[in-house]
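Let me begin by presenting the structure, written as structure tokens, before commenting on it.
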Amino acid sequence: MSKILVFGHQNPDSDAIGSSYAFAYLAREAYGLDTEAVALGEPNEETAFVLDYFGVAAPRVITSAKAEGAEQVILTDHNEFQQSVADIAEVEVYGVVDHHRVANFETANPLYMRLEPVGSASSIVYRMFKEHSVAVSKEIAGLMLSGLISDTLLLKSPTTHPTDKAIAPELAELAGVNLEEYGLAMLKAGTNLASKSAEELIDIDAKTFELNGNNVRVAQVNTVDIAEVLERQAEIEAAIEKAIADNGYSDFVLMITDIINSNSEILAIGSNMDKVEAAFNFVLENNHAFLAGAVSRKKQVVPQLTESFNA
């Protein structure tokens, strides 16, 4: 039997990397599976900070599961096929551990699925470690903690579940870090956007959603200064227009999120701007508008877009 590959979504963030790494280890220890954690892209700057801090080598990057000789895969932090490995339909999905909506997903065989409406996939994996009484090393605790911090913006996001607030201190203790100090340093490491090209910036954390027959790309960048990002609006818009033309997106929505004040500016271009405006009850001026209190793509952007596009 070939090795089972475990990976998060394309354009991996700290939760995609952390949850896949941790679950691959858990699957070996608790279930006796022959697993390897891989990634569908290079770590972003935030995740690179995490890996360096805990002395963990970045997982190798793959573009095809079958090319690796894999017949089975386990997905963490995603389930939608368009967010997964390119040949996902050609291999067996052995299992899924996720905290997102379920869409564009079907399998030929029964599978293991663990889906919970919590702040991160890493939160789920950590509880599975406890359920199976598997010891958590400092490194794995650090990766899971980082995934939780990243996805909940240090427990400030509305996606944060009460259980996330309970396990974060546990993981911080296991990882040997101060939760607040480490969390802020980690998040700030991911806000260095000046060195990024516009093309890189709009692809740091981007996912495609199928909304009523439309392929809508929703990207998010974290910053401590929204105005600084908007100074690059012309080049960002040019990059978005090219991405739309090259990939057949109907619309592109970019969340520029202020991690300090917990607000976002929405920059949007595409064929359905009336639906985008209706989703958030605002008017785009020069292609952008302020969205107070919005920090979560999963809870404060995608559901609203879905409802509007389906109206």
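Backbone N, Cα and C atoms are what each Cβ position is placed from, and that goes for glycine too.
Note that the coordinates shown come from a computational prediction; the quantities given were computed from them, not determined experimentally.
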Same Mn(2+) 2 site per Swiss-Prot - residue from His99, His132 joining Asp15, Asp77, Asp151:
His99
Number of other Cβ atoms within 10 Å of the Cβ of Asp77 (Mn(2+) 1 binding site) across all protein chains:
30
For the binding-site residues listed here (His9, His99), tell me which residue's CB has the most neighbouring CB atoms inside 10 Å.
His9
Between Asp13, Asp15, Asp151, which of the binding-site residues has the fewest other CB atoms within 10 angstroms in the structure shown?
Asp13
Express the distance between the Cα positions of His9 (Mn(2+) 1 binding site) and Asp15 (Mn(2+) 2 binding site) as a whole number of Å.
10
Nearest-integer angstrom distance between the alpha carbons (Cα) of Asp15 (Mn(2+) 2 binding site) and Asp77 (Mn(2+) 1 binding site):
7
